[in-house]
Each structure stands twice: as structure tokens, then as C-alpha cells.
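Asks: Have a look at this one.
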């Protein structure tokens, strides 16, 4: 599908037009200083862009506090490496269930309503996990946090994809995804400050900060509107009283969508399996294998986070420039090379970790930047929430076993070798993407 010319752009987004008398002068309006992809978003839906960005960033803050605090939790409850890995696995498995449920609900009751419910869920249970008194309570609270964590992506990604014009969708989704790196950076900052001053209970204070995302609900409730596609889905759901909430999930495995569903699942498993295998254990790797302090670990993680931010945003541009499939393959191949190189740098050469940190973050997060974008374009509106929720979050559910396997294998082969299995996930991405169609420029609203 060809792209509209510059002359055609006003017809693509008529809602952005205003009568001549209402158009502000150039000196009074900040619009010309904003990037073209942002100006292309209809004005009434720009709050959705900011809400999606905030939700994804705060989601990252809450989730990434777990791997940062994992060593301290293990010490507090006398956990083995396998038991520590299981906390992450339970959280991510729960996110698979939450993503699928939230996606199906978003197709029936609206993206915005489900977005608010999921943000409230992960904020409350992240904070409660800071009050856990034993290993069982930690597993429970982190599992409930995972329900919201997975659901937020399913509702938020579809909402942004539907309000974004096709010719700019890659960049818009890329910049929304880049807020994950911002949330991760804030988690590392909070970790550095709290763990440097708060003693053995520092992890508790870090988790209690997870309640902060709940304040985003005030903005979302007042300003964010559903997309036209979501409103139409809600209208159909009201008329079709015979359809159950599970009808969307069933539809994904019928003959017309089964192949797409299974292949997107493979992509989701690979991209997130590689990510979780590496980044869940990276703080522990830097401390135990490379001998870094809390401050040193934070510094090295900061370099990777910069790469992650560049990977999210840069992949968005690549998706619009060279297409979805080529971007995925480029990031996956780069990811394999970086994972192997990063985990096998010789002792005493920690400076190379800084150099490789940027491309490692770019490759891993560049892959994740495409999930909401590519999956939203592959599924029709009536099951888009369910499709994205299942592909991304059930993929994440299987990927949840990657950090668990790293924990198990590290007891036999060492943490450095065990983390290398993350590269296998990126091979799965290549296989899945090459079997799916190119969707750049596809209209989905």
C-alpha cells in the first residue's frame, strides 16, 4: 500500500484541521517545533499518546524493581537461585493471563477502561509486595502484579496503534515504547539511592514506591478517549448479546487467523525470552561475575538503558522506513551477536561491557518496540485486543521460563554461560517474522 503524499495528509486526519480564524499565528503556536509524527496524531487523541507513554514507563518502573532487588529478596528469605528465578517466572506467567484477559475485555468494553484497571492493579500489588513477610506472600503479590503488568500492554498498545496514522505508526509506537527505558532508568535511580542508604530493608521501600503509577489514573480518566475502532467494537458487543467474553479468544484459533496467531506467538516468545533471560539476571551478573558494587552496577545498567531508549525510538523509524520484517531481523541478528559477546568478555575487561552495553540494549529493546505495532496490524479490529494480548503476553508466559532456566542452569554451568540461552530466543524471532506478511502502511482504524 502506497503512502499518501504531503498534499493528501489533511484528508488523512481531518480532525486536526481548524477554520482559518481559529489557526494561531506561527509565533504563538508550538506546533511547528514538534516532530511531524506527533502533529499527525489527531488532537483529541494526543492525550492517549501521553497516557500510553506514561503507563508503559510506569509499568517498567514497577517491573524492573524486581530484578534490581532480587538479590536482597533472596538474602531476606534465604532463597536459592532457582527460587529467586521462580519469583520472576510467576510474575511473567501471570502477565500472560492478564494480557489475554485484558485484551479480550478491551475488545468489548473499551481500551481506555481496561487501561485504567490494569494500571491500578500493578501499582497496588507492587506496593503490597514491599510488605511481604515470607516467600509465599512474595509469590502471591508478584503474581497479582503480573496480571496488571500484562494487561496494561494489551490495552495501551492497541489504543495507540488505532489512533496513530498508518504512515507514522512505527515512529509513534516507537516513542511510546521508549518510555519503558525511561521507567527502567527511574527504577535504577531509585535503586541506587535507596540501596545506598536504607540497609537490608531497602527492597521494601523500593517496592512501596510502585504505588506512584496510580496517580496517572486521574489524567487518563479526565482526558483520554477511546479510538473509533474501539467504540465500534463496543457497539457490536452490545448488539451481539449471544457472544461471550471468550469469543475473541476462540476466533484467534479458527482457520482464518490460526496461522497468524501461532506465528506471532513464536515472535513474542523469542523476543521476550531473549530479553528476560538477559535483563532479569543482568544486575546479579554484574555484581557476582564482574565484581561491581551497587553504584557500579547502576552505572553499567545506565549505559544499557541508554541503548534501550535508542533501540525503542530507532526501531520505530526503521519500521516506517524499511518495514516491519527487515527491522525485526536486523535487531534479532544484532541481539544474538551482542548476547554472546557481552557474556563472554574476559575478566578484567569490564570497560568493554560499557562499549557493548549500548548495542545490547538497542537490539533487545528494538525487538520489543515492534510487538504492539506489528501485532496490531496483523489482527482485525474485532479481535485486535485479544490478538495482541495473546501473542505478546502468552509469548511472555512461555518466555517466563527463560529466567527460570537461567537460574537452574547457572547452578551447573555458571551464570555467564546460562545467560547465553537468551540468544536462542532471537533465533525464534527470525523464524517467525520471515513467515509473516509485511504490514507497513496498513490501515487498521
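For all residues, glycine too, the Cβ spot is worked out from N, Cα and C.
According to TrEMBL, the record shows the following:
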- 1-11: compositional bias 'Basic and acidic residues' (COMPBIAS)
- 48-440: domain 'Major facilitator superfamily (MFS) profile' (DOMAIN)
- 1-37: region 'Disordered' (REGION)
- 60-79: transmembrane segment (TRANSMEM)
- 85-105: transmembrane segment (TRANSMEM)
- 112-132: transmembrane segment (TRANSMEM)
- 144-163: transmembrane segment (TRANSMEM)
- 175-196: transmembrane segment (TRANSMEM)
- 202-220: transmembrane segment (TRANSMEM)
- 262-282: transmembrane segment (TRANSMEM)
- 294-315: transmembrane segment (TRANSMEM)
- 327-345: transmembrane segment (TRANSMEM)
- 351-374: transmembrane segment (TRANSMEM)
- 394-413: transmembrane segment (TRANSMEM)
- 419-436: transmembrane segment (TRANSMEM)
Asks: Averaged over the domain 'Major facilitator superfamily (MFS) profile' (48-440), what pLDDT does the predicted model reach?
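Replies: Across the domain 'Major facilitator superfamily (MFS) profile' (48-440), the average pLDDT comes out at 84.
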Asks: Is the transmembrane segment (262-282) in contact with the transmembrane segment (202-220), using at least 3 Cβ pairs under 8 Å (sequence separation of 6 or more) as the test?
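Replies: Contact between the transmembrane segment (202-220) and the transmembrane segment (262-282): absent.
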Asks: I need to check the long-range neighbours of the transmembrane segment (351-374): which residues 6 or more away from its ends have a CB within less than 8 Å of a CB in the stretch?
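Replies: Residues packing against the transmembrane segment (351-374) from afar: 153, 156-158, 160-161, 169-170, 173-174, 176-178, 180-181, 264, 267-268, 271-272, 274-275, 278-279, 286, 290, 300, 303-316, 318-319, 324, 327-328, 330-332, 334-335, 338-339, 341-342, 345, 388, 391-392, 426, 429, 436, 439.
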Asks: Are the transmembrane segment (112-132) and the transmembrane segment (262-282) close enough to be called in contact, which here means at least 3 C-beta pairs under 8 A that are separated by 6 or more residues?
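Replies: No; fewer than 3 Cβ pairs under 8 Å.
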Asks: Taking residues 6+ outside the transmembrane segment (85-105), which of them lie with a CB under 8 Å of any CB in it?
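Replies: For the transmembrane segment (85-105), the nonlocal Cβ contacts are 63, 66-67, 70, 73, 114, 117-118, 121, 138-139, 142-155, 158, 245-246, 248-249, 276, 280, 385-390, 392-401, 403-404, 406-408.
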Asks: What stretch, picked from 60-79, 144-163, 175-196, 262-282, 294-315, has the most CB pairs under 8 A with the transmembrane segment (419-436)?
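Replies: Most Cβ pairs under 8 Å with the transmembrane segment (419-436) come from 262-282.
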